[in-house]
Amino acid sequence: MQPDPRPSGAGACSRFLPLRSQCPEGAGDAVMYASTECKAEVTPSQHGNRTFSYTLEDHTKQAFGIMNELRLSQQLCDVTLQVKYQDAPAAQFMAHKVVLASSSPVFKAMFTNGLREQGMEVVSIEGIHPKVMERLIEFAYTASISMGEKCVLHVMNGAVMYQIDSVVRACSDFLVQQLDPSNAIGIANFAEQIGCVELHQRAREYIYMHFGEVTKQEEFFNLSHCQLVTLISRDDLNVRCESEVFHACINWVKYDCEQRRFYVQALLRAVRCHSLTPNFLQMQLQKCEILQSDSRCKDYLVKIFEELTLHKPTQVMPCRAPKVGRLIYTAGGYFRQSLSYLEAYNPSDGTWLRLADLQVPRSGLAGCVVGGLLYAVGGRNNSPDGNTDSSALDCYNPMTNQWSPCAPMSVPRNRIGVGVIDGHIYAVGGSHGCIHHNSVERYEPERDEWHLVAPMLTRRIGVGVAVLNRLLYAVGGFDGTNRLNSAECYYPERNEWRMITAMNTIRSGAGVCVLHNCIYAAGGYDGQDQLNSVERYDVETETWTFVAPMKHRRSALGITVHQGRIYVLGGYDGHTFLDSVECYDPDTDTWSEVTRMTSGRSGVGVAVTMEPCRKQIDQQNCTC
């Protein structure tokens, strides 16, 4: 009789059962044995002999558990760490070199690279608290660590010293979760001191995003002037207006005026003072005690005030914006009837987001951004039930994905143009039925109020509007009789309009924007054809020159600037409502078609602001 190859008897292996049904197809006589304690497998080899494999899955855990028991009972230990930290009592910890070396590259180098500690039974350790070392030794044996939240910084510092990366990451993740306006600067400084790059970056990003709240905390007032200058020089500070940065600096100086008044000039040069409004500067020059006592700083701000009010070209500083995506928003539009869509295009990945609809469908509206909020102004609701011109002003908050109504304009305005100066929205021209407006009104968001300002010299609907050097430009349009190539400029200090050089081409419904201190007018309708030509106005030479034409003819298009390039969206080519989006690169003077809208449309309101909160979008799209 052939002997049974399987073991028998009362031993542990008698608990194995052959599981032939689990053998993979083509495995021949392979047999899998399984138990609750281990996994074993027999497989054929290339030479016809079978191979037996066995794995005890929790062996490592069990082995380290036994080694930890040996450590606690001080058996088979081959090193004693004698830990001394400042005035704390010294402590001794017995351990196994191999376990310490497996957990920490520092211990590994200490015990294997021929250093003097390699042959020592007692090793002196300084610079780390005994309680911290105790927790790190426990982690080496148990892969588990526990501490009070007040001890996290100390443990993380020790883990960095001994290069125990897993503990460093765990502590870093915990501290990121604890970031708060009151502790973010302290955590950032700590991370920089110990060289934890990721935690330092996350803490700095938190400071930039919550700048307003951080500047009210004690840690902010303990910054050095160099640290403060570095902070306020960031492009990605999340502030609604530059006055927040100005006030933060003045308050920092007032905290210790005697010692800090010497730094005011350096701070003001880091503040983007040309982004402050003349009214704000005038008030500070009159009332700020810090400026009153420093003639150099006062003269510096007086010069900026004069440059702003005289509308002199200045060096263009990047707009401050948090490091979140900035998207191109399109509101409303027309395709067979007015639309209520709000969508956002991300040029970085080519995706579109569908967001909260306008409360009332509108086309011929205009879009703009103030303080990160998107405003939809005027337009008309063309519907099967009739056409209604709109005086509405609605505000969209990307953080809540919600619209809220604001005070309406004094009159409805369809095919309107808008621009923003000093945080105020200017609504220009447009029509109400057969009335073509030359009137202009200004909206103050802080007061939720509209006020009429000086009317344009010419009635204009389908007017393109842009702002450059705090001057409001109205370009082209239709006066009720003729399409226009004329353009005019509004001076807010004088409350008056002046004509400027006319365009080379008649354009109604053109897209108008500002890029690199020039005004661009793209497309439009000349009374006979939709246009693809584009021209640029140089305010220094007061001349219009043609640049490369768009690939498609289009009027009633949307236009905006994103990261130094012009984007035109949709419009009407005389036959079709376009869904194409083109991008202009001023460096190469070329247009390229970059994407398509989700559907063709004309008369959209377009503007650029921060990416919406995905959490709010997901919650509002949830149908559960």
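Think of each number as a place in line: the chain as shown, counted from 1.
Using the three backbone atoms N, Cα and C, a Cβ is placed for every residue, glycine included.
Here Swiss-Prot flags 184-286 as domain 'BACK'.
If you look up Swiss-Prot, you'll see CYS38 (among others) marked as S-(2-succinyl)cysteine, on the strength of similarity to another entry.
Less than 8 angstroms from the CB of CYS151 (S-nitrosocysteine) sit LYS131, VAL132, each of them six or more residues away in the same chain. Reduced to three states, the DSSP call for CYS151 (S-nitrosocysteine) is helix. Sequence annotations record features per position, and here Swiss-Prot assigns S-nitrosocysteine to CYS151 based on similarity to another entry.
Under the heading S-(2,3-dicarboxypropyl)cysteine, Swiss-Prot lists CYS151 (among others), citing similarity to another entry as support.
If you look up Swiss-Prot, you'll see CYS151 (among others) marked as S-(2-succinyl)cysteine, on the strength of similarity to another entry.
Positions annotated as S-(2-succinyl)cysteine by Swiss-Prot: CYS241 (among others). Take the CB of CYS241 (S-(2-succinyl)cysteine) and look out to 10 A: across all protein chains shown you find 16 other CB atoms. When secondary structure is read from DSSP and collapsed to three states, CYS241 (S-(2-succinyl)cysteine) falls in the coil class.
Cβ contacts within 10 Å of CYS257 (S-(2,3-dicarboxypropyl)cysteine), excluding its own Cβ and spanning all protein chains shown: 12. According to Swiss-Prot, the feature S-(2,3-dicarboxypropyl)cysteine maps to CYS257 (among others), an assignment based on similarity to another entry.
In sequence order, GLU242, PHE246, LEU281, TYR300, LEU301, ILE304 constitute the residues six or more apart from CYS273 (S-(2,3-dicarboxypropyl)cysteine) in its chain with CB-CB distances below 8 Å. What Swiss-Prot lists as S-(2,3-dicarboxypropyl)cysteine is CYS273 (among others), and the listing cites similarity to another entry.
In the three-state DSSP scheme, CYS288 (S-(2-succinyl)cysteine) falls into the coil class. The number of other Cβ atoms within 10 Å of the Cβ belonging to CYS288 (S-(2-succinyl)cysteine), over all protein chains shown, comes to 19. According to Swiss-Prot, the S-(2-succinyl)cysteine annotation covers CYS288 (among others).
The S-(2,3-dicarboxypropyl)cysteine annotation in Swiss-Prot covers CYS288 (among others).
With a cut-off of 8 Å between CB atoms and residues at least 6 apart in sequence, the same chain places ASP235 near CYS319 (S-(2-succinyl)cysteine), listed in sequence order. According to DSSP, CYS319 (S-(2-succinyl)cysteine) sits in a coil region rather than a helix or strand. Swiss-Prot lists CYS319 (among others) with the feature S-(2-succinyl)cysteine.
Over all protein chains present, the Cβ of CYS434 (S-cGMP-cysteine) has 6 other Cβ atoms lying within 10 Å. What Swiss-Prot lists as S-cGMP-cysteine is CYS434.
Annotation source Swiss-Prot lists S-(2-succinyl)cysteine at CYS613 (among others), citing similarity to another entry. All protein chains included, CYS613 (S-(2-succinyl)cysteine) registers 15 other Cβ atoms within 10 Å of its own Cβ.
In the predicted structure, the repeat 'Kelch 1' (327-372) carries a mean pLDDT of 97. For 327-372, the entry in Swiss-Prot reads repeat 'Kelch 1'.
The feature repeat 'Kelch 3' is assigned by Swiss-Prot to 424-470.
Summarising the annotation, Swiss-Prot assigns repeat 'Kelch 4' to 471-517.
Classification of CYS434 (S-cGMP-cysteine) by DSSP places it in coil, neither helical nor stranded.
Nearest neighbour of CYS241 (S-(2-succinyl)cysteine) by Cα distance, taken over the modified residues CYS257, CYS434, CYS613: CYS613. Each residue of the repeat 'Kelch 6' (565-611) gets a DSSP state, and the totals for helix, strand and coil are 0 helix, 27 strand, 20 coil.
Closest to CYS613 (S-(2-succinyl)cysteine) by Cα-Cα distance, out of the modified residues CYS257, CYS288, CYS434, is CYS288. A separation of roughly 51 Å, to the nearest angstrom, links the Cα atoms of CYS434 (S-cGMP-cysteine) and CYS288 (S-(2-succinyl)cysteine).
Helix first, then strand, then coil: DSSP counts for the repeat 'Kelch 4' (471-517) stand at 0 helix, 28 strand, 19 coil.
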